[in-house]
């Protein structure tokens, strides 16, 4: 039973930096919509892959997708131990790579010279893609180990905007800041700092794009906080207890305090970091934090609720040019339900300090019904799926990232059967 | 058993804890999830618990770490050799760390004023080194007779590995020294090659090794080392210094 729950993967979303396309990953399914042309994109596999007949490019749940900073590249990777690099212009797969372990996170350097990915054993690998040609499949590129967390699942991987550091966050509460070397194939040995302060797994990392703050970082965690860091020193500058501030703990009510009920699942900096969008379990909508980096403060600005459906986002994307926040909820599979997979996409527009954020109705969505059909798989969604999906995602996240807790009795009984306990009396 | 009462696990003649009551498995799985408390960050390490006579009136920091200290033989020798330096042993097996704790406490009682600078923590140093020490805080790290983990699939459990050396280089100050010794030739070669190939470490010269009083303790001070000496076994040591890497040319 537990096995199947652990296999559930949340739906992911990524918005092209120039808002030319949006990608959603649900399970092994990768869906892309071209916002400029207003049509769904047909992905083309590279010639080297033998199974060209199959419509799915990944064989198991996709765990990480992202566009490169310039928008030329797109990568997808996941439980099928495969990483695919796509040209986000032709949407042709230019490179497919096999990993020994399942892939949990990916990052692309801002100069588009390297793709890094992290596996379930805590090793970060680097592939040098310098001088790639969008029309030419890359050949003979082998990943090289770059750095390693000691056997901990890496949950998030980010380059600092100036490519000086590579950051890796793990389930053991740590964020490691490593100097990204000039020759990454020799490994990254110089650790700049560790950002320590979270008391649960770190789920997401986000940098500020503004030049003067590019060594400041935001992190979200299973301890339901978002924290602001200086990555050069590892200093914790401020902490915002989002679950508490957004009133999630009170609404739970009737004395039943749920442990790990409000993990931060994703965060996203908007308006160069003035506002930070936060997805947190149990919140039907998103929390917007206002961040003042120079004053080192992080405070809850408002909660944008999504009316009419129990929408708990699993992933966020930001379109800077349109000031839109793209949010998705969904799972690769719903246990005990007829739906093979479920995804729901919404857009919140008017992300601004002054303006009131508006959750767009389906008729107002950019791309309209065609977009919903492409990204969700269907234009209409079953309302019953929302809560089941949120619950499935929460359980899967707990199983994957939170240490198993045993009662003292069960630990005692385990100890009793250990033969090194027998004292000679 | 004729002895009863609270002090039965302590030797009557020396007042020290008796090892037979702290038997533990020779190995512990470093990969398993830990259930002991871990400090959130180095600033959360409570020095006054470890060094009650020195803290809170001091701003000193721990400078020596004996990783996998076992029964604490080296720590005890170092405590008197460097009386002004704070040092900590790190051990994963709880009963063994409990023994070292009792051993230090008894030594403090028996030798007033001494052994106040040594302490022990139960932790998995392969996972939690950065939770205990800041960047560049340590001046010496010791890895004496670590678990050899012969099987290739278990090499990732070795306490000296190319990736873990990155973390050790982080907590060691420039000029800090890493001491390793083993009686297993294969592991000795492994540790030496890991250190040799790492850009942040360089080997000490023969002269420096001879001048360093700590080097002699590596094989003589620990219980494991004494066992090897009794059996007239060979030991293989590798002692390296943390350096600033030569600027990459590219």
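Numbers here mean position along the shown chain, with the first residue as 1.
Note: Cβ is positioned from N, Cα and C throughout, glycine not excepted.
Annotated S-adenosyl-L-methionine-binding residues in TrEMBL are B:91, B:92, B:124, B:125, B:144, B:222, B:223, B:224, and among B:68, B:113, B:173, B:233 the one listed with them is B:68.
Under 8 Å, Cβ to Cβ, and six or more positions away along its own chain, residue B:147 (active site) finds B:26, B:27, B:68, B:157, B:158, B:159. Residue environment of residue B:224 (S-adenosyl-L-methionine binding site) contains 21 other Cβ atoms, counted within 10 Å of its Cβ in all protein chains. Taking a C-beta cut-off of under 8 angstroms and a sequence separation of 6 or more, residue B:222 (S-adenosyl-L-methionine binding site) has the following same-chain neighbours: B:70, B:71, B:73, B:74, B:144, B:145. In three-state terms derived from DSSP, residue B:125 (S-adenosyl-L-methionine binding site) belongs to a helical segment.
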